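Quick look at what TrEMBL annotates:
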type	residues	note
TRANSMEM	338-356	transmembrane segment
TRANSMEM	363-384	transmembrane segment
TRANSMEM	390-411	transmembrane segment
TRANSMEM	423-443	transmembrane segment
TRANSMEM	455-480	transmembrane segment
TRANSMEM	517-535	transmembrane segment
TRANSMEM	898-916	transmembrane segment
TRANSMEM	923-945	transmembrane segment
TRANSMEM	951-970	transmembrane segment
TRANSMEM	991-1014	transmembrane segment
TRANSMEM	1026-1050	transmembrane segment
Amino acid sequence: MKPVNSSFTVLALTILFVILGCCSIPLFSIQRNPTDISKGLTVNFSWKGALAQVVERELTSKIEGLAAAIKGVKEITSTSSDGGGFLNIELDKHTNVKTAKFELTSLIRSAYKNFPEGVSLPSVSEKGTRSIKREGTQILAYTIMGGGSSYYIEKEAAAVFLEPLNDINDVYSAKLWVAVPYELRLIVNKKELESYGLTIGDVSSALNSYFKAAELGKSKHREVSGNYSTLFVELRGISKDDVVWEKIPLARRGSRVVYLGDIARVKYEEQPINSIKRFNGLNLVSLTISAREGANQVLLAKTVRERIESLKKELPPGFSLFLQKDSTISIKKEINTIVLRVVLSVLFLLLFTFIVSRSLKYLLLVAISLAVNLCIAFIFYYLLDIGIHTYSLAGITISLGIMIDNVIIMIDHLRSKGNMKIFVAILAATLTTVGSLSVIFFLGQDVRILLNDFAIIIVVNILTSLVVAFFVIPALLDVIPIQRKLNKISLRRKRWVVKWNHFYAYFINQSLRWKKLYLLLAILVFGIPIFLLPARINSNNWLAQTYNDIFQSSVYRKIGPMTEKILGGTLRLFVERDASGGRVPQQNAFGNLTPVDRANQATQLNVNITMPDGASVEELEGIAWKFENHLLQYNEVASFETSISNGENANIQAIIDDSSQRSFPHRLKNELIDLANNTGGCDVRINGVGKGFSNSLGNDILRTGITVSGYNYDAVLTYAEKTLEYLKRQPRVDKERVNTGQRMYAGKVRYEYEMNLQKDLLIKQGSSPQTMLTGLRDIAMNQQRVSIALYDGQYIPVKVYTEEKKGADNWLLNNSLQQTSRLGYVGTLEKKMSGGHITRRNQQYEVNVDYNFIGNYRLAKKVQEGIIDSVNVQLPIGFKAQSKNRGGFYSQVKGSQYKLIFLVIAIVFLLCCVLLESMRQAMVIVLMIPLSFIGIFLTFSLFGFNFDQGGYAAFLLISGLSVNAALYIFNDFNNNGLEGQSGIRQYLNAYNSKITPILLTVISTIVSFLPFLLTVPGELFWDALAAGTIGGLLFSIPILVVFLPLFLLWNSDVVKKDTTKTLSKLKRW
């Protein structure tokens, strides 16, 4: 023990750090998700009317060249589509994003003058990933109602709210959304228009000239003083909002001036519906407030609500304001759930400690150590700029068990041995856990964003617990001494220990005689992954030919399936259960949610309605109304929001009242499913509660794909078509097609009409392509935007409408009365699949060949590998075919990221070599890791847990935690062995000394994970993490008991020499 004065100094400093930690707690921001740590830029641009090929050639490639000139660019991905495109630029960790953004913006502005006419100025913004944290995260939404039109309501509300709310610190934006904006309609009489020899183009030109402002030049002006000054002469059109539209002159016909009122009627009306956003079935003006990145969303929402309460008094009489959505409610709910888990974890751990020790002093010592550890850790959270969110709080909860492990081991060793020799073992156990979590920082960007703060929290906590165990625990034991008591219970326990030692020594002795059989059994239980071997190796060397002869022989085809099952072990069960792909994150108003978000949101039902190409917003709105009217019947529906982005896609998000979260959500979902089944002409998907529903036939969803890439787009398309031919020869391949997009699914197949004109026939008809285009526009369109104008202080569009709309059917197109527009004489219309997008990654074009495979995962993988090998053999240099990344998280990590587990094992091995000064013992400890993985394999394959990011994190945690027990035993084995003592006796002494604290630490770690399974079940990430870690830890105990002595005492000569002597000594002992 340390002297009292030294203990006093340590405890005084500890109290100081605890006070600093408590003072830092109010400084943390509270938010739902980790702040996006990714470094990247996004460039968006548009070119109205341009085809994807033209956009890529004339615009995207040039912007890519500018981006490539920036220092620190790791990867550039671009997508060109009809009318525009975007670039994703990934930067390395040493590059300043703000500097890179400024540099790229300057380069684009300098090159903009050389871009084609009609191209918008590309916008450069900092990139967010997976919507884990965006610059503008919506936290509040209000609806505003009042007398008058929606335009009037918006105008009054903007004057009251926008400027004061945008001035609040941490508010990213405050915006008003109008249900239906207004426009000026010029309803043209086509007969009158044609009688004056005018066209819609003439009307548009006249209006633009009427409102146009142009510079005419400059002149010299002599002032009174005699000096000359330069005056610029500008012709200004009418810019007042009190224009008499009917009196606007259009043209002169003879002696008469034709005015707009002669050929059209002018009306100020709501625009045709292009999109709809309404709350609770009402078209209202909505006010949304978004928080900036890293803001304390809970505190900011409170500040904004208070500010709005004071501002709404300035609204005109008759106006009312209602809070429609407060996303911080769900944030607080999530935080409360995590806090509940922390509290339950602490209570479980303390209760477990008391039950085992039956000492209030021991319980007090553990509780004080835990509190000190957390308070000191908060100082480092603040210094490392870690916010409070679901992942960081979960990291705290999980690390509680690991922190108590170090406390229990140190207290037990000081009580029994009275020295600090255990510190090396605690240091090794701590560093192995830190090493296993450190590989998270080498993961892919998407996973790293999720787990970065989670890993840092655990590392900080266990490193802090190391300091607490070394300095604070001895000081506390001086103040709160704990003595071992000898009583009947301890004597009875010792008798059981002696009996167990008799059996255990005999077991070790007998097992060592069959140690090779035990090793073979361990290998078979883990599994030999021959089921993952490729069906064929495409090479001409003798080794490849031998391989192909063996695995493609008729004998292997007969015995192969059974051999794979026998030798595959638990690894095969795990791969077959989870390799089919993880669940795809659902999407709602908060963006693309991670698995943890789906369960943490308020209970909600999401209804997605999809219509075929060409459907109108009015048609889709009619279907959406059916679902909205059904939701309006129930008071249990707290609110619902309807978003119709176009005529093909609508989404209804219904929030269910918390008081009715037992049976009502499922009953309402079933009623909506019945309504969907009785609604024709659309596809409906319903999710959010229970298993998702869809009445779609799934014709557009293709789950497997091959990506062909190269430096020439036309050649890549050609090779993609050849790959398609290979797929068509496979009897198990279905619905194959070339897809130029980069979405996970092939998505909705879109079609377009292609007009093919014969130039020689056009010339004979005295026509031209422009004439044909004008005629088609007049037939197919009844509205055209011709200008913009100032009206009531706001610029609004001016559109020309014809009084009668003609149907654009094939008969009319082919048999128009005007000879110059008879399409049937000079050309044809053909319906084709839309061309899609053009995607490039690091200057390489990518085209996907998507298909469905009828069969299991392993067979699909083998067939795909065979096709890819066959295609790559024929591809020239610069082109390649590879598997398209599909199937959720498993597919994302099954390659290079799973290889990081071998890096974890290497880190653990090196640490053990340094700390134990023995490569042999380090190798024995490392063998505990893959054997403990068997517990994870069995957990996921037998109990149906979904493998996700949490499952991968469980592998990393078990890689560090499973070796701790062996380290504690080895520490005693090396430090307390006596000369001449047998190997079994020496091992049993170390085993008996440390097995009790080992069991306590394992159980305490398991207890810290239990709240994740007991509270709010169904959270994919936390369920997978908790289940995987618990399974691995539970299985590590029998692995420790059975295999550790076998590997450590592998030298059979020593065992045979000492067996009889050892057993006799044990009996006397």
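In case you wondered, yes, glycine gets a Cβ from its N, Cα and C as well.
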Contact call for the transmembrane segment (455-480) against the transmembrane segment (951-970), three or more Cβ pairs under 8 Å: no
Segment proximity, the transmembrane segment (390-411) to the transmembrane segment (423-443), 3 or more C-beta pairs under 8 Å: yes
Cβ-based contact of the transmembrane segment (923-945) with the transmembrane segment (898-916), 3 or more pairs under 8 Å: yes
Positions whose Cβ lies under 8 angstroms from the transmembrane segment (1026-1050), at least six residues beyond its ends: 398, 504, 508, 511-512, 515, 518-519, 522, 921, 924, 927-928, 931-936, 938-940, 943, 945, 950-951, 953-955, 957-958, 961-962, 965-966, 969-970, 973, 983-984, 987, 991, 998-999, 1002, 1005-1006, 1009-1010, 1012-1013
Selected stretch (most C-beta pairs under 8 A with the transmembrane segment (390-411)) from 338-356, 363-384, 991-1014: 991-1014
Tertiary contacts of the transmembrane segment (338-356), as residues 6+ beyond its ends and Cβ separation under 8 Å: 362-363, 366-367, 370, 390, 393-394, 396-397, 400-401, 404, 408, 1000, 1003-1004, 1007-1008, 1010-1012, 1014-1015
